[in-house]
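This report concerns only the one structure given below.
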Amino acid sequence: MKLFGTDGVRGKAGEFLDSFLAMRLAMAAGIYFKDKALTNNILVGKDTRRSGYMIENAIVSGLTSIGYNVIEIGPMPTPAIAFLTEDMRCDAGIMISASHNPYYDNGIKFFDAHGNKLDEQAEAKIEEIYFNDKLIEEARTTKSQIGQAKRIDDVIGRYIVSIKNSFPKELTLKSLRVVLDVAHGASYKVAPTVFRELGADVIVINDKPNGLNINENCGALHPLNLALEVKKFRADVGFAFDGDADRLVVVDEKGEVAHGDSLLGVLALFLKKQGKLKSSVVSTIMSNGALKEFLTKYKIPHETCNVGDKYVLEKLKECGGNFGGEQSGHIIFSDYAKTGDGLVAALQFSALMLSEAKSASEILNQVKPYPQLLHNLKISEKKDLSKLAGLEELKKDLEKKGIASLFRYSGTENLIRLLLEAKDIKLLEKEMKVVESFFMKVLNA
């Protein structure tokens, strides 16, 4: 059984992700981190899901049973855990969240002592330990060796200071009216505080978490309500975060939801103009052709990687870059954060608006994405795509018609994701039927 997916361990709380799995996984991770342990402290944070209490207690039980001391900091954004793990000199950090998923899902993400997400080799090692009864049993401690747990509620200030430090000192948000949709999630306290302390006129929506309403018709995956509020309050811009605030969706003053690649493009150009862009901009293989053209136009080098913000980070380290992201809204400013941080990205976009004295729509309209169609097709078997008879011919045929294509399996479900991109939406709709028919046959869907 494989535990780790594209972003940690994730599943239905109380079913796949129950208290037993959480406790044993924490023990396995603790054993893995022991080799480099310096302080014997591990930081644990969570979003606002009800199941977070169950999983948090199970993780604390697992870690203290093998001798770790645990620092619990309650609901905080995922990027805050990455920052605070290093800032508080912990041996590791653990975030309990299923990000943009509904409340009934949950997940566990791990960070090393420097606040970096674990690579696949580290995850594979933790899985190996998880299934090794002997190693788990030998790691148990007794008597005075059993660890302690303490809850600290005031670390939010450290993270707020770090976020504010990413905003240019010579600017103020006093001239901006901003609507924030915090998705009843982990940023419900942090985001309004940061924007208000920097001077913005702030309207907050969906900031009443009850454990069951996280991401429910709100936040980064449902920005239409935010769009209505932006128009209603005549705001300059709207920012929507997801449940753990590691992604951002922007709504302009007209109530138009920005495309993720438009956001990446204009922020990359902003960094270049300031002389702050190091090396290549990194986006994923799903990025829009219009982004590539925009970056080429401004002579900004560009590289692509697999889908997932940890792969964006890996590629940035490889090429010595400091900016990249995903179409979905994970945007990484690695000079300021170790992972995608919706708040940092929101402040940088605000700084761009103020620096150029332009509206959000004027800025975002510089990158006009080509139409894309993304269909998720249920399948019964995940066959090796490189060996599928007829697939190369299908791709070449699409290419001749001016259609870019990308086909990839879901990391967590029996789905294949079919992405087509071209300048003509009607052509896309027609060819998607051909593509779906092909995969239905070869993958026995």
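Each Cβ is built from the backbone N, Cα and C atoms, and glycine gets one as well.
Among S99, S405, S410, the residue that Swiss-Prot places alongside D242, D244, D246 at the Mg(2+) binding site is S99. The Cβ centroid of S99, D242, D244, D246 marks the Mg(2+) site; residues of that chain outside this set whose Cβ lies within 8 Å of it are D47, P77, T78, S97, H100, G185, A186, A220, F241, G243, A245, R247, G342, given in sequence order. Taking the Cβ of D242 (Mg(2+) binding site) as centre and 10 Å as the limit, one finds 34 other Cβ atoms among all the protein chains shown. Residues near D244 (Mg(2+) binding site) in space but far in sequence (CB under 8 A, at least 6 apart, same chain), listed by position: D47, P77, T78, M95, S97, S99, G185, A186.
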